[in-house]
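Some features that TrEMBL has for this protein:
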type: BINDING; residues: R42; note: L-glutamate binding site
type: BINDING; residues: A76, S77, W102, T152, D171, Q194, N236, T237; note: pyridoxal 5'-phosphate binding site
type: DOMAIN; residues: 5-347; note: domain 'Aminotransferase class V'
type: MOD_RES; residues: K195; note: N6-(pyridoxal phosphate)lysine
Amino acid sequence: MSRPYNFSAGPAMLPEPVLRQAQEEMLDWNGSGMCVAEMSHRGKEFMSIAEQAERDLRELLALPEGYRVLFLQGGASSQFAMVPMNLSGRTGKADYLNTGSWSKKAIAEAHRFCAVHVAASTQPERFVRAPTQAELALSEEAAYLHYTPNETIEGVEFPYIPETSAPLVADMSSTLLSRPIDVARYGMIYAGAQKNIGPAGLTIVVVREDLLGEPLSGTPTMFDYRVHADSGSMYNTPPTYAWYLAGLVFQWLKDLGGLEGMGEINRRKAEKLYAAIDGSSFYANPVEPASRSWMNVPFTLANPELDADFLAGAKDAGLLTLKGHRSVGGMRASIYNAMPEAGVDALIAFMAEFERTKG
Ligand code: PMP
C-alpha cells in the first residue's frame, strides 16, 4: 500500500528508502547487535557512522578546503543567537536582510548581542519578493551579512547570492541540499535538519575556519562554535540517531545523482505546481515570479470559505498537511527533496478536480 503524500513544512517527509533501511537496521545495525540509538557516541560503530555522514555531506556540497562541519542541536533558532555570539565580536555590528518571518526572528535575537543594521526590508510589501542587490544598503563595518535564502512561511526565495565584502551568513533551513550551492561564497551556512536533511533535533552548521575567532564574553560553552569544532561535535552527547538518519539521506541523495540531479527534480516539481496555480483563476500565489520558492508554495483559494472543504478533500485523497502557516492562512505545499514528483502531480490533479466541482 502506498503512503500518503505529506506536504508539511517540517518535520517533513523522509525518503521512503531511508525509512525502510532504518527499519531493517533498527534492532541490529551492521551486525553490532545494537540499534544506532543505543550506541555510545564515542564507540567505533557510531564514530564510523558519524564520519561517513560528514564525508558524504562534504562530497554533496563539494565543500572547499577550510570549512568545518558541525552536527549540533537546538535547531536553527539557537543559531539566531549563536551567530551573533560567535561572529559579531570583530566590530560589534552586523547587517541583516528582513525578508520574512524567519529573518525577523533572527534579527530580533541578534539585537540582544550586537548593533543590527537592517540593510533591506520587504516588510512594507508584505514580503512578496526578495530585494534586489541594488537595494541592499550594506554598512561598512558589518562583521557579517545575515540573510534567509528561502523564507519557509512566505514562500519567498532569493534568486541570487548577495554580494558583500563582509562574510555572508545564511539560514538555509529550508533550502540546503535542494540543489547545488556555491559554498565558497559563504562564511557560514546553517540549517535545522527537519526539511531536507533528516529528523528534527539535528542542526547542521558549515563555517569557514577563519571565522572561528573569539565569541563574545559570557558565551555559554555549548554556544561556542570553537568548542564544537575542536571536539568533532562531540563536546556533549550529539543527536546520534538524527545524525545517522541524515547520513542515510546523504547516501540516498548521492544515489540520485547528488544535488544536480535533485535540483532538476525540484525545479520541475515547483514549475508545474506554479503553472497550475497561475493557470487557474481559482488559486493564487502572491509572490513575484522571480522570487518564488522551489520548496514552499503558499496559495489561496478564491473563496476562503472553501478552505476547510479543500483540506478535508485533500486528506481523503492522501494529501496531508496542506494548511498554510497560521500567520498567513490559506494553503502551503512544502515540496522538499523527499516529496516525489508523483506527489506534486497528485496535488495538481486534486486541485483541478476541486476547482471543477466547487469553484
Ligand atoms: N529558519 C527557517 C528558514 C525555518 O524554516 C525554520 C523552521 N521552520 C527555522 C529557522 C526555525 O528552525 P528550528 O525550529 O529548527 O529552530
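Quick reminder: no glycine exception, Cβ is built from N, Cα and C everywhere.
Note: TrEMBL annotation is automatic and uncurated.
A map of TrEMBL features onto the structure.
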| residue | record | contacts (Cβ under 8 Å, 6+ apart) |
| --- | --- | --- |
| R42 | L-glutamate binding site | M234 |
| A76 | pyridoxal 5'-phosphate binding site | W102, D171, S173, Y190, A191, G192, T203 |
| S77 | pyridoxal 5'-phosphate binding site | K105, E109, G192 |
| T152 | pyridoxal 5'-phosphate binding site | A9, G10, G100, S101, W102, S173, S174, K195, S293, M295, N296, S334 |
| Q194 | pyridoxal 5'-phosphate binding site | G10, P11, A12, A200, G201 |
| N236 | pyridoxal 5'-phosphate binding site | M222 |
| T237 | pyridoxal 5'-phosphate binding site | H41 |
Listed recorded positions adjacent to ligand 1, that is, members of R42, S77, D171, K195, N236 whose C-beta is under 6 A away:
S77, D171
Pairwise over A76, S77, W102, T152, D171, Q194, N236, T237, annotated as binding pyridoxal 5'-phosphate, what's the top Cα to Cα distance to the nearest Å?
30
